[in-house]
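Engineer: If you look up TrEMBL, you'll see 89-526 marked as domain 'Major facilitator superfamily (MFS) profile'. The annotation transmembrane segment is assigned in TrEMBL to 87-107, 128-148, 168-192, 253-272, 332-357, 388-406, 418-434, 440-461, 473-493, 499-522.
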Amino acid sequence: MADQIQSSGPGPARNIEAQSAFASTLVADVEKAPHAKEEPSEKQHTNVYGSVIETPTAVAGTDAVYAAKAALLNQALLDMGMGRYQWLLFLITSVGWFLDSFWLMSFTVIAPSSANEAQFFYTDNKEMYLFISLYVGLATGATAWPWMSDFLGRKWIFTSTLVLMGMGGLVGAGMPAFTGLCVVGFVVGFAVAGNQVVDAMILLESLPASHQFLVSMQGALWGLGQLVASAVGCSSPTSTTSCHYVSNKGWRYVWWTFGCMTLFLYLCRFAFPLRETPKYLLSRRRDAEATQLVKDMAAYSKRQTWLNESSFARIDSTVDASARRHSRTKSLLASAGAIGLLVLCLLWSATGLTFILHKTYVAKYLATKGVDVVTATTVTTGYLYARYLYISLCAIPGPIVVGFLVEAKGLGRKRTGAMVAVLTGLFMFLATVARSRDALLAFECVLAFLQASTMAVLVNYTVEVFATPFRGLGLGVVGLCWGVFGLLGQVVATFDASVAGGAAVWFCGALWVVLGGAWWLVPETRGRAAA
């Protein structure tokens, strides 16, 4: 194919296309496509509600050169539109939400049976130690993976986390000792923490600004992951007594299944020509590669683009070189503002802490009111997994609803986040009025809807507010807050058995109501192309 291109006549554009990673499959489409314009379109692009999309040439925290180039790239992506490449990328990166929820739910599925096996060697129940090891891994991974993605690239992180999760499932299923299982739990948690957030970065940095709300809608697969994990987990038997490895293989089969499913999804990734994101390449001063990638995306989608390397070269020649370097820390503070960054850290900390504490302590509080506690040892397996399925189903529509709300003119990211936060706090309060298992299940379903909605809008906003050159650093900072406070919540829930008169429940609800007001202190990102 490359020889045919050469023989058809000279032309640097054809030579560049022939050198791309998957140009051999795209040249025919490029030759059939109409000749692309040489300049950006003057058409105003809008979101799903008709509001005009801005592509600012000055972005807080970034140098003038990158900001100008990012604006040009955003305009090129808007003119090209949402093509086949981006829609397939949306589906592939949505797997991150699915697998994160899938694996987190897997620990809930296997914990009772694996702990029963551990009781054959230990005198007390070690179940919660498995969750603590998981959250140590989550705290570490949520900090390390995003930070590494700024230097090593997004694509490498995406593939590495999938392999670690899949192999962790296979190794953990064959682990003979509970201590070894906890070590594997750390590794799986480490991988899970970096998977979804890097997937969100990959999607955002490849989308036209008119479709950035799709980052929120990906959250629908969070509930789907829980649903599938619960359905597979029904085959795991629960026992109220200790048992040996030979008679307790159910949970091992479950994790073997989970590991194989994850590795299968990893292999499916190779059916799609996943590349580094154009904005990441641009942030690393790899203008030629970013330009070629946009051309390849256009050809794959049977679209056209006017973007070429000379467009970026003109910016290099006209912008003062002395304004190019900035401290990453100062850039991070300038992007969202010091107050905005503090609010984001509080929101992520609350997300990690409160849902764990509330779920644990509302059950203990209601037990004092005569409501039976629902655990693997107090109810039948069928009833327990039926509850899991109901809760998972209710989590699916939340991010879809939020995805439309964040684009609405009267709401945007800030007001949607504030509304969801206040509703979360109110329903945490209201859950205390339940006087039966079924009533508690109803509140758990509503809170599952709100938790998925909270995660969706928070992830969408966070990846938008930080510019590409330091997006990984910003996500690493808030990820550290989420992981550390999630670990703190798990430790408190494990070692503090007191109900404390429901104080923890009131604290969680009040915190979310207060944070609903804190949302108003962050800058709005609706209608603006992410840099």
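Using the three backbone atoms N, Cα and C, a Cβ is placed for every residue, glycine included.
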Engineer: State the residues, same chain only, that lie 6 or more residues beyond the ends of the transmembrane segment (168-192) and have a CB under 8 A from a CB inside it; answer 'none' if no residue qualifies.
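Structural biologist: That would be 99-100, 103-104, 106-107, 114-115, 117-118, 121-122, 126, 129-138, 140-141, 144, 160-162, 245, 251-256, 258-260, 262-263.
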Engineer: Looking at 87-107, 418-434, 473-493, which one has the highest count of Cβ pairs under 8 angstroms to the transmembrane segment (499-522)?
Structural biologist: 418-434
Engineer: Averaged over the domain 'Major facilitator superfamily (MFS) profile' (89-526), what pLDDT does the predicted model reach?
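Structural biologist: Result for the domain 'Major facilitator superfamily (MFS) profile' (89-526): average pLDDT 89.
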